[in-house]
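Look at TrEMBL and you will find A:70, A:73, A:74 tagged as heme c 1 binding site. Positions annotated as heme c 2 binding site by TrEMBL: A:214, A:217, A:218, A:289. Look at TrEMBL and you will find A:48-156, A:200-314 tagged as domain 'Cytochrome c'. Summarising the annotation, TrEMBL assigns region 'Disordered' to A:321-340. Summarising the annotation, TrEMBL assigns signal peptide to A:1-22.
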């Protein structure tokens, strides 16, 4: 066998490179009791409630105008948000706060930015009756659904009660929303032991996220959503937005600018960021958080690494057939979006 | 064997009734070269174009506000309409005309109520640039999509051209819309020979629809959509709506109030009716059409029979997984719905 020196050198170089890579691989940090935990697939929901809730989630007849549904601002094609700074409501009203994603919202310890709802069912009634959102009333929403024979039948079958109630409506909506978890992100795969699920840069970004202190608030299955924290710890947060945060609920001045820490799951899809939607991009959001919450100015490269990590938190998006809504009957009140 | 007279009488009565029913069945009208023909399932579309078009159909980034998508007014959960008299557009603008259903729109001989677009591709560009609808421009829509890496890739793969163009966008939208046919309605099953697919009342309604002359305009696969006709033949149609119909396109006074005959497929789902959305219910629409187009006042029972027939035209609704849209990049311009 005749082997040229050149080939031999190439082979040795290749061998040594693969050894170096193997060593680098071996040196890579492995998951070890991380503060972020994988999302579990949804289970335990009542299928009839989920199917009914899915229809209601897409039904604009729960709004005064007949035009705005839950999905208008928590758009399941777009990470469960509207990707607007603050939402468009009835008569093109400008909403007071950024619409949080509905994805994984079942993992939040309370609902809304200020935590004024204890759970998803309590949350669901809010926007229907908010004059800047769907601008309806619970009674009128019940009347509309009651006038629709297929809904009457489906509510009866689902809840086995004689009348449709707002409690049934919000219960069904919550049951559907509980299914909107996004498991199996690349980061969760890495947590589960699939080492090559994230790149070296993404791992670097994660370790920086962890070691610089971001993970102190953004942890758990939702990577957030389990505490109130002050927006602007080291420096005050400057904004035109009038929300007082938790203080609006508690009445305590100490709670001013305390907001529920948002989930970072699917954060790649849920721009713009913060309660006022002021950060248009993930890079801006990371830079601001570093300075205001940690007193740390991340370098461009550090920001880029953290952003790369954050994009590994995008999980499997909800996958379901677009629901077909039961038609109104002749008795169903017709909406007039331009009524005074 | 002991048989009481009473039982015997009952048996004879039952026998005679079943004979009568059998005779009635035999006497039932059977399809015989009807002017309405069954809808064929969609075929021949390019699957890549359809998938891309589906995303675009649901993407509100084709509007100035980032809030209104094709599906906002042609809602596929609601018979391909918004069930409003006229549509809500940018900044809550009141649209000038009732949104026609997108379902089976590929069967229309021209598009829009006044036929100003020759086909679906030509139609698709209209609402994007209409200041009362999506209020965007074709150039800005192209810029938005071009700024999104996953769209760039998908357009490239689909059309094999270097740049995204408005022609590609409208072609993909049209390809998706061509799939939105609704075959296998009960009426089509009856046309296909399944005699019990429609009830006696529905058949009575159909024969009245046919013999009183409705079918003269509402025929073919779409039960309409293949001619312009004057709204108000026997009596003028009184409306506040300013649309001049076909005259707005042709400039000819003779075309005033000439509108494309709307499809009656899925008409149960596409309320309210007429170009001004003035008829809230099918009964009202049938009554008005009878008086104004045929000079015939249908009795309540006749209206009820025709309405029963019309409801047999509801076909299989589009069934597909809600599309997940590719996220904007840092370069994608952010929408400001409240900009002057």
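Glycine is no exception: its Cβ is also placed from the backbone N, Cα and C atoms.
Curation plays no part in TrEMBL annotations; they are all automatic predictions.
Model, not experiment: these values are computed from the prediction.
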Cβ contacts of residue A:74 (heme c 1 binding site) (under 8 Å, same chain, 6 or more positions away): A:80, A:81, A:82, A:99, A:101, A:102
Between residue A:73 (heme c 1 binding site) and residue A:289 (heme c 2 binding site): CA-CA distance (Å): 25
The region 'Disordered' (A:321-340) - residue tally per DSSP class, helix then strand then coil: 0 helix, 1 strand, 19 coil
Nonlocal neighbours by CB distance (under 8 Å) for residue A:217 (heme c 2 binding site), same chain, sequence gap 6 or more: A:224, A:227, A:229, A:261, A:293
Residues within 8 Å of the A:214, A:217, A:218, A:289 Cβ centre (excluding the heme c 2 site residues themselves): A:209, A:213, A:215, A:216, A:224, A:261, A:264, A:293
Cα-to-Cα gap, residue A:218 (heme c 2 binding site) vs residue A:70 (heme c 1 binding site), nearest whole Å: 26
Composition by DSSP (helix, strand, coil) of residues within the domain 'Cytochrome c' (A:48-156): 50 helix, 8 strand, 51 coil
Integer Cα-Cα distance in angstrom, residue A:73 (heme c 1 binding site) to residue A:214 (heme c 2 binding site): 28
Residues within 8 Å of the A:70, A:73, A:74 Cβ centre (excluding the heme c 1 site residues themselves): A:57, A:69, A:71, A:72, A:75, A:80, A:82, A:99, A:102, A:127
Cβ atoms near residue A:214 (heme c 2 binding site) (within 10 Å, other residues, all chains): 24
Spatial neighbours, same chain, of residue A:70 (heme c 1 binding site) - Cβ under 8 Å, 6+ residues apart: A:56, A:57, A:58, A:62, A:102, A:124, A:127, A:173
